[in-house]
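Sequence annotations record features per position, and here Swiss-Prot assigns substrate binding site to Arg29, Asp85, Glu86, Ser87, Lys127, Gly141, Asp142, His220, Ser221. The Fe cation 1 binding site annotation in Swiss-Prot covers His98, His123, Asp124, Asp253, and the record cites similarity to another entry as its basis. Sequence annotations record features per position, and here Swiss-Prot assigns Fe cation 2 binding site to Asp124, His194, His220. Annotation source Swiss-Prot lists phosphoserine at Ser33.
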Amino acid sequence: MKVTVGPDPSLVYRPDVDPEMAKDKASFRNYTSGPLLDRVFTTYKLMHTHQTVDFVRSKHAQFGGFSYKKMTVMEAVDLLDGLVDESDPDVDFPNSFHAFQTAEGIRKAHPDKDWFHLVGLLHDLGKVLALFGEPQWAVVGDTFPVGCRPQASVVFCDSTFQDNPDLQDPRYSTELGMYQPHCGLDRVLMSWGHDEYMYQVMKFNKFSLPPEAFYMIRFHSFYPWHTGSDYQQLCSQQDLAMLPWVQEFNKFDLYTKCPDLPDVDKLRPYYQGLIDKYCPGILSW
């Protein structure tokens, strides 16, 4: 069965990326008008309307039992091939190839950090949420903290939050909202999507990866933080120490997509070895 999740807005619409970084890379997010931008706006409008404290807590309760599926990491990678990116009708290759492309980009730049290579393979596996019936706005796109007022660098911030009930609630509508200053992102309730879900899967199944890996997975779509420099009032010193790692990962997530597809069959044994080392066996999803 093919499930359409549409374009991941985090990858196709980046109004906040430094133009200098974008030179010769414009084709990765060259969407500034037309029907795709309309679709991305609609995704964010739905997300910014429905992602509330109550909604996110309900999703943690719904998926926190990890009873939806039993499978290995490599089986989850293969499941990504059932997700169709409807924004690319002329590009016919499996979504799992992006996982291997990202991992191989990291492997080339950081040959001595095998755990980092594995993060590249793992980072989008939370998108299997779409196969469990979740709508696109609860799977993909930039993430942000719920329970406090959205900050300026949140995509479409000025035009998509008007119908979010939390912004009418005095507990959640200030800069700090329900949080204490510099409480740490580990105490922040993030909007629900593939980042948060995969982070929770990793914790539940006790992946033996370093803290940097957990940060990369949980916050790689948190562009208002790692690119927009917002939400500093919530950050601990630990968060700031981890920020460069998240930023380093982001370079490979955005810019490793290319028409030169990796030979997945040749790569599988290497990555299976990493899976066996850090997250072996049949996992609970």
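Glycine is treated like the rest: Cβ placed from N, Cα and C.
Under the three-state DSSP scheme, Lys127 (substrate binding site) falls in the helix class. The Cβ of Asp253 (Fe cation 1 binding site) has 22 neighbouring Cβ atoms from other residues within 10 Å, across all protein chains displayed. The shortest Cα-Cα distance between His98 (Fe cation 1 binding site) and any of the binding-site residues Lys127, Asp142, His194, His220, Ser221 is the one to Lys127. Within the same chain, residues at least 6 positions away in sequence whose Cβ sits under 8 Å from that of His194 (Fe cation 2 binding site) are Asp124, Leu125, Gly126, Lys127, Leu129, Val139, Val140, Ser221. Least packed by the Cβ count within 10 Å, out of the binding-site residues His98, His123, Lys127, His220, is His98. Rounded to a whole value, the Cα-Cα separation of Asp142 (substrate binding site) and Asp253 (Fe cation 1 binding site) is 13 Å. The two recorded residues Asp253 (Fe cation 1 binding site) and His220 (Fe cation 2 binding site) have their Cα atoms spaced 9 Å from each other.
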